[in-house]
Amino acid sequence: MELDINRTLLVLLGQVYTYIFQVELLRRCDPRVACRFLYRLAANCLTVRYLLKLFLRGFNTQLKFGNTPTVCALHWALCYVKGEGERLFELLQHFKTRFVYGETKDSNCIKDYFVSAFNLKTCQYHHELSLTTYGGYVSSEIQFLHDIENFLKQLNYCYIITSSREALNTLETVTRFMTDTIGSGLIPPVELFDPAHPCAICFEELCITANQGETLHRRLLGCICDHVTKQVRVNVDVDDIIRCLPYIPDVPDIKRQSAVEALRTLQTKTVVNPMGAKNDTFDQTYEIASTMLDSYNVFKPAPRCMYAISELKFWLTSNSTEGPQRTLDVFVDNLDVLNEHEKHAELTAVTVELALFGKTPIHFDRAFSEELGSLDAIDSILVGNRSSSPDSQIEALIKACYAHHLSSPLMRHISNPSHDNEAALRQLLERVGCEDDLTKEASDSATASECDLNDDSSITFAVHGWENLLSKAKIDAAERKRVYLEHLSKRSLTSLGRCIREQRQELEKTLRVNVYGEALLQTFVSMQNGFGARNVFLAKVSQAGCIIDNRIQEAAFDAHRFIRNTLVRHTVDAAMLPALTHKFFELVNGPLFNHDEHRFAQPPNTALFFTVENVGLFPHLKEELAKFMGGVVGSNWLLSPFRGFYCFSGVEGVTFAQRLAWKYIRELVFATTLFTSVFHCGEVRLCRVDRLGKDPRGCTSQPKGIGSSHGPLDGIYLTYEETCPLVAIIQSGETGIDQNTVVIYDSDVFSLLYTLMQRLAPDSTDPAFS
């Protein structure tokens with residue numbers, strides 16, 4: 001049943017996203033054309049209203065607790081498209097009144113419509129978040145999706161010092177931001193995400209991968225996040241128009257056929273070279289050399305210069321075919337070719353529009369063509385175009401980097417070994433221009449080419465002695481200089497390649513089309529469910545058959561003194577400290593990182609590690625937290641006065657509130673442990689309020705005492721609420737809280753333990769706790 005519901009919700013979510021995409025297309029169309037679809041838009045707006053009314057009660061119920069990413073995404077998408085669809089409908093009606101019905105024919109009216117449709121004068125992504133914790137008021141400004149993710153991680157760290165009412169009010173503001181972003185469809189605006197900020201998933205991935213001697217935080221500096229938003233490869237086919245044109249509906253066949261013929265005529269006249277410009281000079285030289293060589297055969301004697309030309313052609317041919325393709329040869333496109341593609345695509349679109357409609361509509365990109373044309377190269381690349389995929393732009397950028405680096409003569413020689421052979425062939429052909437001096441010129445050219453091709457040939461010096469020594473020294477110095485420059489150039493090429501490989505990941509993330517990932521949605525749902533679980537828990541326990549409220553019991557003070565004075569004379573066994581430390585880590589952690597609840601559960605300290613590391617907690621605070629349970633001497637773990645457990649009155653500052661909360665939770669852990677060992681009433685289970693009915697380690701058997709003999713939900717629950725921090729459940733049924741269940745409210749640890757002792761003792765007859 002649950003699987004069918006999820007499938008239905010996913011299908012509905014897909015349909016809503018399709019409608020959002022259609023609204024976005026309609027908003028970018030010429031408003032004179034979009035006004036024709038007002039009736040269809042109105043029908044869709046009414047359908048969205050019906051869906052919201054149909055699901056509103058279910059949304060409100062599930063948003064309190066047990067929310068899922070699918071339900072959350074569907075709710076946000078419906079709320080967004082309801083507002084945007086109706087706003088677009090009103091704008092089109094207003095435009096139709098002004099422009100179509102003759103009030104004004106100003107062309108600026110179309111641009112004003114686009115400014116209003118896209119809210120170009122205001123930024124809707126800047127929000128101020130405020131949160132009131134037990135340690136005071138904090139605020140944060142959000143601009144990017146990663147700001148929301150960081151705030152949710154900070155809220156997770158402050159889970160134990162924040163009331164559910166304040167947290168849920170803050171999450172309402174976050175919900176409005178998420179509705180305008182994730183609810184707006186699949187593709188986020190470029191200005192909304194910053195991939196240089198790693199998320200929690202990036203941090204976890206780096207923790208389990210090889211570090212190669214680098215620290216984790218140093219690796220985070222070069223991390224490109226692909227979880228909050230995910231990049232996708234987009235293939236742009238320039239032949240989409242001609243392939244889909246014959247199947248366009250609502251167009252007369254004559255106009256459709258004339259558009260197809262006009263488009264084919266345009267394609268035959270316009271040829272765009274996708275491979276870029278080649279070296280035309282060398283192609284002509286190579287063609288002349290081939291023509292001269294083809295004029296000779298085995299029956300016709302050839303001069304020596306022809307053999308030199310043949311050898312140069314041999315080396316050039318062998319050099320161009322052997323070996324793998326170089327990196328430079330892969331990046332053949334350039335920015336000029338991409339611009340030509342864009343112009344050709346625009347010309348194609350205009351041709352089809354004139355053939356079909358007799359005029360060209362003013363869409364969004366044409367209305368702001370002047371603004372788009374004034375952009376510099378970097379902004380133009382970020383904006384992109386319709387005819388080229390982002391990967392083509394990336395390849396063009398990388399090719400431009402290589403071309404700029406290889407523009408020096410030395411780098412051209414290193415990257416292109418056949419450059420010298422090309423120059424020699426060109427010079428040789430120039431020297432063979434005169435037929436009368438062919439033999440002499442061919443001999444000189446062959447001699448020069450043989451010297452160039454055979455670098456290892458021995459050089460005979462006519463002068464011996466000191467002149468020979470000086471000449472050899474000069475040659476050796478020149479050779480060392482050449483080798484050094486070649487080595488230096490190869491190192492620079494290697495460094496350039498490594499730099500481009502490192503920067504390519506960031507280029508791809510920035511320029512490619514991105515879609516919203518599931519990381520931010522899952523984080524929000526986890527935090528909302530974590531705080532909503534408190535309200536749901538208090539609502540469930542209020543339905544118990546027997547409720548004892550020690551917060552108003554007159555005899556609770558005597559019970560407090562009895563249990564406190566009894567436990568203070570005992571100490572915790574040192575062998576139990578590791579287990580108690582893990583319990584402490586489990587209770588001070590937030591709901592976001594729950595590695596101790598996984599199928600292959602990890603210790604609670606692992607989950608707490610991710611909590612504190614993702615908020616950048618100071619090292620001295622992490623050390624203090626790690627040694628918090630081991631720093632107990634005697635009875636210094638006792639902290640709270642009577643009915644003063646989890647009281648933060650007069651505390652200022654988040655850090656001070658956190659320390660006080662740690663002390664309260666440590667007191668609770670030690671008190672329940674000593675109570676179990678002293679009074680032998682069975683093990684008292686300490687549970688988190690957001691894990692009601694969950695066994696974090698997946699055990700089927702419950703411990704003896706609370707949790708086994710009386711019911712699966714029995715235990716002491718820490719609610720993290722100042723008004724009612726402690727709730728104990730006794731005798732819960734198999735189905736949960738029923739009329740036989742006993743629930744105890746308290747704000748004091750020791751009076752609560754006394755009540756449990758009275759209830760769990762087999763001969764309990766004290767009427768004060770009946």
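Positions of Cβ are set from backbone N, Cα and C atoms, glycine also.
What Swiss-Prot lists as ATP binding site is F675, T676, S677, V678, F679, H680, C681, G682. Note: V678 (ATP binding site) has non-local neighbours T566, L567, H570, i.e. same-chain residues 6+ apart with C-beta under 8 A of its own C-beta.
Predicted-model confidence for the zinc finger (199-227) is 86, expressed as mean pLDDT. Positions annotated as zinc finger by Swiss-Prot, on the basis of sequence analysis: 199-227.
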Inset, instruction - With a 10 Å radius around each C-beta, find which of these binding-site residues (F675, F679) has the fewest other C-beta atoms nearby. - result: F679
Legend entry - Around the Cβ of G682 (ATP binding site), the count of other Cβ atoms that are within 10 Å: 18
Inset, instruction - Determine the minimum-neighbour residue: among T676, S677, listed as binding-site residues, which Cβ has the fewest other Cβ atoms within 10 angstroms? - result: S677
